[in-house]
Amino acid sequence: MRLYDLSFYEIEKFFYKLAELKDIISDTGLLSISPSIPQTLPAQGTVMAKHAFPIFQKGGVIMDVTNVTQAEIAENAGAVAVMVLDKLPYDVRKSGGVARMADPKIIEEVMNSITIPVMAKVRIGHYYEARVLEALGVDMIDESEVLTPADEEHHINKWEFKVPFVNGARNLGEALRRIYEGASMIRTKGEAGTGNVSEAVKHMKIMNYEISTLISLPEEDRLKKAREYQVPYQLVELVVKLKRLPIVNFAAGGIATPADAALMMWLGSDGIFVGSGIFKSQDPDQRAKAVVLAAANWEDPEIVLEAQKMISENKSMMGIDIKTLKPEELLQVRGV
């Protein structure tokens, strides 16, 4: 039996227990216990620890940063975590060449300067960039299509690591394959570095539609879907039981305004990644606070309105129309 299969049985058991607990709470009318006050912390690197960490980020905003100053702005604005890169996605597009993991010295400086979790990106399939970040002590690794893939065919086997991973996905099949590989969090790919939320919207809607379709299928057709997605049938059944992905699903790719963040939360996102939208704008301090406010209060249009008033549209990053991008310029097609 492969390591993937052995590890998957652990996660399957864990999430079925969560599903059963959810049913019990619903049936009895009991209030759920706040996850922010765990009675016993799970051991580092266990399935429970790796999948519990992203749950604590739910409802929050994670911001891309390239230096300590930006990280401090993000923390002061109320971000739940930061993602350290060498360049913001917009600059990755403009500079061309090979985009790699950020300088470990910069990541370490950020870790020593703020109190919120610090994440960092690695290239798809780059096992040793991930090992370096794990040794550095980051809180989560993003195996990201924004960076130049090291392996065009395979992703990292994330079960071998103690640190949790996040991966991008455009649809249910991509999401389930990444979960089967050991991802602890999924995010929409969107089209990073564009300031254009349309692709993130499309990917979230595709995910929602494919989940609802899967739920309505008879068992025989769900078996076919498992083969199509190249994942165990038990993982497909877990999605059906939970009526959602079994792990946290954030929105990312082109989010630039408070209204963008609220829109993605309304579509069912568990939280928000903001890349170039904050620090390629001319009002990063206010915009960071406004996006956090809108994401946390997306159900209240009046508060989202106040958040939108905190920024100026003429200070927003210059967006890119997706239709003007050549096929080879699309980042979302990397890593399927």
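Each Cβ is built from the backbone N, Cα and C atoms, and glycine gets one as well.
Features reported for this protein in Swiss-Prot:
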type: ACT_SITE; residues: Lys121; note: active site, schiff-base intermediate with D-ribose 5-phosphate
type: BINDING; residues: Asp64, Gly193, Gly254, Gly275, Ser276; note: D-ribose 5-phosphate binding site
type: BINDING; residues: Lys205; note: D-glyceraldehyde 3-phosphate binding site
Ser276 (D-ribose 5-phosphate binding site) to Lys205 (D-glyceraldehyde 3-phosphate binding site) - Cα separation in whole Å:
23
Calculate the distance in Å between the alpha carbons (Cα) of Gly275 (D-ribose 5-phosphate binding site) and the residue listed as 'active site, schiff-base intermediate with D-ribose 5-phosphate', and round it to a whole number.
12
Taking DSSP as the reference, which of helix, strand or coil describes Lys205 (D-glyceraldehyde 3-phosphate binding site)?
helix
Pick out which of the recorded positions Lys121, Lys205 has the most other Cβ atoms within 10 Å of its own Cβ.
Lys121
Can you check what DSSP calls Ser276 (D-ribose 5-phosphate binding site), collapsed to helix, strand or coil?
helix
Three-state secondary structure, which DSSP defines for Gly254 (D-ribose 5-phosphate binding site):
coil
Alpha-carbon distance [the residue listed as 'D-glyceraldehyde 3-phosphate binding site'; Lys121 (active site, schiff-base intermediate with D-ribose 5-phosphate)] in Å:
25
To the nearest whole angstrom, state the Cα distance for the pair Gly254 (D-ribose 5-phosphate binding site) and the residue listed as 'D-glyceraldehyde 3-phosphate binding site'.
15
Around Ser276 (D-ribose 5-phosphate binding site), how many other CB atoms lie within 10 A of its CB?
27
Could you state the whole-number distance in Å separating the C-alpha atoms of Lys205 (D-glyceraldehyde 3-phosphate binding site) and Asp64 (D-ribose 5-phosphate binding site)?
24
